[in-house]
Amino acid sequence: MSAIRVGIVGYGNLGRGVEFAISQNPDMELVAVFTRRDPSTVSVASNASVYLVDDAEKFQDDIDVMILCGGSATDLPEQGPHFAQWFNTIDSFDTHAKIPEFFDAVDAAAQKSGKVSVISVGWDPGLFSLNRVLGEAVLPVGTTYTFWGDGLSQGHSDAVRRIEGVKNAVQYTLPIKDAVERVRNGENPELTTREKHARECWVVLEEGADAPKVEQEIVTMPNYFDEYNTTVNFISEDEFNANHTGMPHGGFVIRSGESGANDKQILEFSLKLESNPNFTSSVLVAYARAAHRLSQAGEKGAKTVFDIPFGLLSPKSAAQLRKELL
């Protein structure tokens, strides 16, 4: 069987992770990387060629699945429907509140072109979403809890870096251990935002910056920190470079419910990741395989992780899966 031919749009942390993940899957090959930058300035780790993103349309006969590696704020809302005109696509759109409208926009383009587009792939949305559905279906009487961390939040880190006087910064989301244990114990607590997570900032200041002023701006920032207990730590650039340049993340989905007359049941799924973008990339590549198979079977339109059987993610045949993993 010929390899699944993959293209990548965008060559940042996620795009580089997808490139590496493809190399770990023998049934796939990377055909091309598409970038908004001058292709001659982009050095890739594989043998794939690099092209301007505007030239992608010319490759519709050479690529089975295009993996879109842009950001959710401005890139994917435009790129999702755009590339669905010509390719089966995978993306990691993660603005939860806007997923329904994004789905509709991509679906309209994919239905028209006859392509398959799997949106909002990754771990949240993605694998966590699947486990929320599983928990509700199996334990209809109960409560679902999602905890994130310990992990670096890129959006919140960017928000801190935009503050005047900040040279560099990262922000970690931390699940509050007492809250997690109460859920695991089957107490079904009603938890506020502040009771579920804390935020921790590590900040390098510009020379002469006003530390108390910066700290106050951080802890009172609406939509980011004002609803959380936030700790701000000021450190040197050397300490920052030594200890805070990784991109770890993770979390838990816990369904606490009842079955039978009064049996307490806990269903839990957890992740502990050294690299958020590299793990997300691996999920994207697995769903690229599924998108290709769905397309070959005559499917079209937008899909989410809820629409795709797990068996389609695996390179193994249905018979192998029944024998080895069932």
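Cβ coordinates are placed from backbone N, Cα and C, and glycine is handled just like the others.
What Swiss-Prot records for the substrate site is Asp94, Asp124, Trp148, Gln154, Gly155, Thr173, Arg199, His249, and among Asn223, Asn229, Asn233, Asn276 the residue it adds there is Asn276. All protein chains considered, the CB of Gly71 (NADP(+) binding site) has 18 other CB atoms within 10 Å. Counting in whole angstrom, Gly71 (NADP(+) binding site) lies 11 from Gly155 (substrate binding site) by their C-alpha atoms. With respect to their backbone Cα atoms, Arg37 (NADP(+) binding site) and Asn276 (substrate binding site) stand 24 Å from each other. Other C-beta atoms found within 10 angstroms of the C-beta of Gly155 (substrate binding site) number 12, with every protein chain shown included.
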